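Colleague: Below you will find the structure I want to go over with you.
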Amino acid sequence: MIDIKLIRQNPDLVKEALRKRGEDPATIDEILKIDADWRTTITKTNELRSRRNEISKNVARLKKEGKNTEAEALIEEGKRLGEEIKALEEKEKELQKQLNDLLLMVPNIPHESVPVGEDESQNVEVRRWGEPREFDFTPLAHWDLGPAWGLMDFDRATKLSGSRFTVMYGKLARLERALINFMLDVHTKEHGYTEVWVPHLVKRETITITGQLPKFEEELYLAERDDLFLIPTAEVPLAALHSGEILEEKELPKKYVAYTPCYRREAGSYGKDVRGMIRQHQFDKVELVWVTTPERSFEDLEQLVKDAETILQKLELPYRVVSLCTGDLGFTSAKTYDIEVWLPSYNAYKEISSCSNVTDFQARRGNMRYRRRSDGKLEYVHTLNGSGIAVGRALVAILENYQQPDGSVRVPEVLVPYTGFEVIP
């Protein structure tokens, strides 16, 4: 949620930010109209309350002086004021709800360093690492390799759950688990993250804090009986962990890592990446979240990206980093880097991590603040999030980039201590 003060004081700046995102700036005019009405209603209510308090004092004085007729007249006026105040309080409450509902639909303001563009075609490549492998044989896609070994089963997954699910057996199941443990070890032992085990079902308020609600409810799985949502990413419980709390500056930054399955309906992605494991309704991910101060959050974002890159470098998988343009930014993000791994089956780089600084957007929704060391002033924290990394896509990248002419796949050296084997199958 962006600061209403920013909209009041600099509406043109906010409108321009929305235009750069490809959003309709008319929402801001609607917000300003309701906000003005809301503030006028508050002022009028306070004036009537003040008048009613004055009447109460005068009634007591007049009764003491024996002027009962005048006192009765004031009592009647006080009753009328009470009814007006009640009506205004109801109006104030309704306007506040309308205002809050609209504010929840306004995306974050892009940082000045974000390239301006309409869609992903205008994202800007920042750097590359490694070179895509040149095969001296025709490489197979992961959706051909896995089933050929009898270790990846899309048909039975469809029988169990419908499309966009996968069953894996034996060495592939162990490779998935090895990747999870490897990533957690790197981030906790080398990068200083605290590992967190989080719930996979969260309250409506929690997932509103992190920005998935109210705008993207159709993309979420909901357990209706208990009104609990399956998490689309561990960012949700991690970023909301300190909601309603005041932290001390000396505690920051807090760096959290969590492994969870993630659940997404993918309602808006019909027809995209329908083959294999690239776009699933359920997938594993290791997530990184920082809680930090405004002064250092963009510097911390650069470090977060490097932490995610380390995983791909250790796995020796070629990748590139791109800075998302304004039109491709996520709803909550002020700045995002995507890390894209090379996949031979697509002959292209595909996203394997998305790292974002959402500034105080989530902190305002969740009332997450910290006390400044210098003056004791309370300020909103900044939160960052990033995949460190998507496990299923890492497995896919290994299968496709490490395949051999005989149809086998060599396991990356760093994973052998975790898998206990060097070759698949």
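Using N, Cα and C of the backbone, Cβ positions are placed for all residues, glycine too.
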Colleague: Looking at Swiss-Prot, which one out of S113, S121, S374, S387 binds L-serine in the same site as T233, A234, E235, E287?
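Modeller: According to Swiss-Prot, the candidate sharing the L-serine site with T233, A234, E235, E287 is S387.
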Colleague: Please find, for R264, R265, E266, E351, I352, S353, S354 as listed binding ATP, the greatest distance between any two Cα atoms, in Å.
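Modeller: With R264, R265, E266, E351, I352, S353, S354 as the binding residues for ATP, the largest Cα distance is 19 Å.
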Colleague: Taking the Cβ of R265 (ATP binding site) as centre, how many other Cβ atoms lie within 10 Å?
Modeller: 17
Colleague: What three-state secondary structure does DSSP assign to R264 (ATP binding site)?
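Modeller: The three-state answer is coil.
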Colleague: Sort the binding-site residues R264, R265, E266, I352, S354 by C-alpha distance from E235 (L-serine binding site) and give me just the closest.
Modeller: S354
Colleague: Taking only the residues the record lists as binding L-serine, namely T233, A234, E235, E287, S387, what is the largest Cα to Cα distance between any two of them, in Å to the nearest whole number?
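Modeller: Across T233, A234, E235, E287, S387, the two farthest Cα atoms sit 9 Å apart.
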Colleague: Pick out which of the binding-site residues E235, E266, E351 has the most other Cβ atoms within 10 Å of its own Cβ.
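Modeller: When each Cβ's neighbours within 10 Å are tallied, E235 leads.
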